[in-house]
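Enquirer: According to TrEMBL, the record shows the following:
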type	residues	note
TRANSMEM	A:12-35	transmembrane segment
TRANSMEM	A:68-93	transmembrane segment
TRANSMEM	A:105-129	transmembrane segment
TRANSMEM	A:149-169	transmembrane segment
TRANSMEM	A:203-223	transmembrane segment
TRANSMEM	A:235-259	transmembrane segment
TRANSMEM	A:266-287	transmembrane segment
Amino acid sequence: MAMWITQLFNGLSVSSILLLIALGLSVTFGLMGVINMAHGEFIMIGSYAAYLTQNAFKELLPGRMFDAYFPVALAASFLVAFAIGYLLELLLIRHLYGRPLDSLLATWGVGLVLQQIARSIFGAPNVAVNSPSWLNGGLHVMDGIDLPYKRLFILALVAVCLAAMYLYINRSHSGRRMRAVMQNREMAACLGISTRRVDGMTFAIGSGIAGIAGCALTLIGPIGPNIGTYYIVDAFMVVVLGGVGKLIGTVLGALGIGVFNTMFEWWSTASLGKVFVFLCIVAFLQWKPKGLFAVRTRQLD
Amino acid sequence: MNGLWSDRKRLWLLLAYAGASAALFAAPLYLSDFRLNLLAKFLAFAIVALGLDLLWGYTGVLSLGHGVFFGLGAYAMGMHLKLNASGGKLPDFMDWSGLTRLPWFWQPFKSFPAAVLLGILIPALLALFLGFFTFRNRIKGVYFTILTQALVIIVTTLFVGQQAYTGGTNGLTGFTKLLGSPLRSDGMKSALYLATVIALIAAYALCRYLTTSRMGKVLRAIRDGENRVRFLGYDPATYQMATFAVSGALAGLAGMLFVLHVGIISPSMMGIVPSIEMILWVAIGGTRHADRRLDRRARPELCEERVVGGVPGDLDDFPGRALHRRDGLPARRHRRFDPQGSRKRS
Amino acid sequence: MEDGASDWPTFAEKARKLLSEDKVATVFGGWTSASRKAMLPVFEELNGLLWYPVQYEGLESSPNIFYTGATTNQQIVPSVDYLLEQGKKKFFLLGSDYVFPRTANKIIKAQLAAKGGETVAEEYTPLGHTDYTTIIAKIKEAKPDVVYNTLNGDSNVAFFKQLKDANIAASDLTTLSVSIAEEEVKGIGPDFLAGHLVAWNYYQTTDTPENKTFVENFKAKYGADSVTSDPMEAGYTAVYLWAAAVEKAGSFDVDKVKEAAKGIEWNAPEGKVTIDGDNQHIYKTVRIGEIQPDGMIKELWNSGSPVKPDPYLKGYDWAKDLSAGS
């Protein structure tokens, strides 16, 4: 019994991490149609931003302030990734709209460059980030069931990000402009929306969320130049499975993959579990080529 | 071939082809062992690139899974060589992994013709199988690309995990003989090199034939307007499937040649990164023109070798020069997004 | 200097270049098993000389390679014996899915079966795997005395961070790792690792006069924050052993150097090492250590004297079936 509850929680937790890494991608890929292979590197940027914030707190502030670094790191990760994303859109992505497969190759190159830069600055080995002490330990529910605070924190963080994005996209003025541009660029431009600005903003927001994901991942995973490559494929699978362009799709996609992955891994091995999950995705897409939730359109070609 | 292509241009083109082929065939005479080996490897890569271009340039379908087809071909040849090397006994890694008998699916690879045949057939059939479902379900564009990535993950994870049957991350290596003669003798090296040149020319001829035939026209039509083709009564899925299968088979062929030259195949050669690199060769050469594929032949690799190896001078000592210079490294053109462009040349 | 880019066919190609174009006298390097396997045929074909500095899975002895890292009987076998002596009977084997962990675990299983231990479970995760919650749940379910950890690289970071989150400390569950040295400790954060065990032949804290000089020189060159570790020490030792062999042979010729290298002794930072003429591995002292909160490793046990390398485990009765036929 305790095992089942733990595994259920683990499944949820894995889903929340998947959702966090896919959320940014659901904006850049889902809304804008840019196959952003450098998405993983924005996660990496977020992680390194957290690392630098931690170091700054360690050196500049008294020890008792150390625990406060994490909220600052979250903000810093978002801002740094946001800025670099904005810059990337300005210099490169802008020229690739409507050519998704080209954007794939170009951003892949960008990803390699970013990895190499990280390797030159921080070195190839992993760096250590100490989690704040208020996130150590776990919630003791009953015998054999401990829910780690870090996992709970990530769940909450995802919920907050999701809510913020929902509100931004559906309730704010700039969100409405964003949707207008993504749905019909020419029409939006005719109505006086600066599509350039909206594009830049949208891409930067997607990158910023990836930065937040990177910061959160320092709690549970490694921080090195290669970490982006571990998450990028999973992130794409989540978005494609959920259906491009719908937040709810991404949520359900992450939930599906996370829970199934945990279950399969429990019953078989980690390698086979992964193979099963990917086979399921391939099979599922045969049945529903556009994912769980597709934006309906009458457009042909 | 209309007025744009004057007879004189055609003559020059033919001469360039003849010169390039001659330079390639004569390479063993003037290249060192090490250089010849590199060139042979690049030529093998050029075959994958041809297949990819057939698929991407002519049907607009981008596969990020060609590393798998390449790897399957390479493993087919690798298995044959491994069995040769272990001389009737169980290959060393199976022994360590606790197998006592040769698994049934290794049996056919004892024979060289069977290995060659399977090295082409297995990738082709896998491509056909995958294509059958995806293209008929009208999965295309980005979705297809992501699906092929999933395929890569599945296959590499399986190959790594089934160490007893595939050699795990180490892959297959330690080859000694092919058809009874040592793999590393000078004669064998030249023979393998020439086999690669012939394979490349044959692959090129095949692609050329496919793209200039009626099928080529249908393929281009699919790329530019799939639904319109469907309304005209063609079934695009059949054509795409066929192209995907041919493309996979070419990748398998390239993989087999690669193993013979390099002497190792491991799952790292069939992962996502090599698959994307393959696409880059095509992208840098510019898609759609089968005759340009030879330009792009491993150009990045050449550059890399030049930079990393610090080889001085330019490419003058390379037989590929004639081809490279013919029209330089073409700027990346994407005529498929340019409705005018697609008419200019055909 | 050539960069193998951690890409295995690249290793083979570069090795070929170094030997046939640059005509180097010897090559030092290689990290993973796969890189060594890729280079091996090239070195044998062109009669080159490779010094491989990393602990590895044994079952190999090429005439063209000198192995200065530990083979299985200089790291894994004694560490399992040590754990058994400490009363740890139930082993949970956890490794990354590649050749070293699988072979190592095969050896461990045979050893445990012969010596009254028990393998409660064996799990492999894909390279680069970063979520260990399910594995940790499996560990809790299996209730082992010890987790024998052959995870590689980044996975270690995720595993130990998540182990701590699950409220499992080193005092509750012993783990022994064979791929975590001082440098990896630095990248994971000593907080997560303090109290866990490792098995190597050398630590930065190893108490020999040679090591004192080695560490001092190393810090002078790479900064006070840098740490030395077992693979570094093995690489360093390899260069001196080669130099000694060349001096003795009076030539760079591969065959002469190989002949001269037999039996060469040198006082390495880890203590005295000797090249075994039969299999070109070296005699090494085995050390079990415990990771300290400051990132250093404290030696708990050592083998007393250098252990004779035995890559095929011929000297162990229980290992007979492992290498049958090879």
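Each residue, glycine too, has its Cβ placed from N, Cα and C.
Because TrEMBL annotations are produced automatically, they should be read as predictions rather than curated entries.
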Enquirer: Find the member of A:68-93, A:105-129, A:203-223, A:235-259, A:266-287 that has more C-beta pairs under 8 Å to the transmembrane segment (A:12-35) than any other listed stretch.
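Expert: The stretch I would name here is A:235-259.
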Enquirer: Taking residues 6+ outside the transmembrane segment (A:68-93), which of them lie with a CB under 8 Å of any CB in it?
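Expert: For the transmembrane segment (A:68-93), the far contacts come to 34, 36, 38, 42, 45-47, 49-50, 52-54, 56-57, 103, 106-107, 110, 131-132, 135, 157, 199-201, 203-212, 214-216, 218.
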Enquirer: Compare A:105-129, A:149-169, A:235-259, A:266-287 by their Cβ pairs under 8 Å to the transmembrane segment (A:203-223) and return the stretch that comes out on top.
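Expert: So the stretch in question is A:149-169.
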Enquirer: At a C-beta cut-off of under 8 Å, are there same-chain residues at least 6 beyond the transmembrane segment (A:266-287) that contact it? List them, or none.
Expert: 7, 237, 240-241, 257, 260
Enquirer: Could you pull out which residues elsewhere in the chain have a CB under 8 Å from any CB of the transmembrane segment (A:149-169), counting only those six or more residues past its ends?
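Expert: Beyond its ends, the transmembrane segment (A:149-169) has Cβ neighbours at 9, 12-13, 16-17, 19-20, 23, 27, 74, 131, 134-139, 175, 178-179, 205, 209, 212, 216, 219-220, 247, 251.
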Enquirer: Taking residues 6+ outside the transmembrane segment (A:105-129), which of them lie with a CB under 8 Å of any CB in it?
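Expert: For the transmembrane segment (A:105-129), the sequence-distant neighbours (Cβ-Cβ under 8 Å, at least 6 residues beyond its ends) are 34-41, 44-45, 47-48, 50-51, 54, 88, 92-93, 96, 218, 222-226, 228-229, 232.
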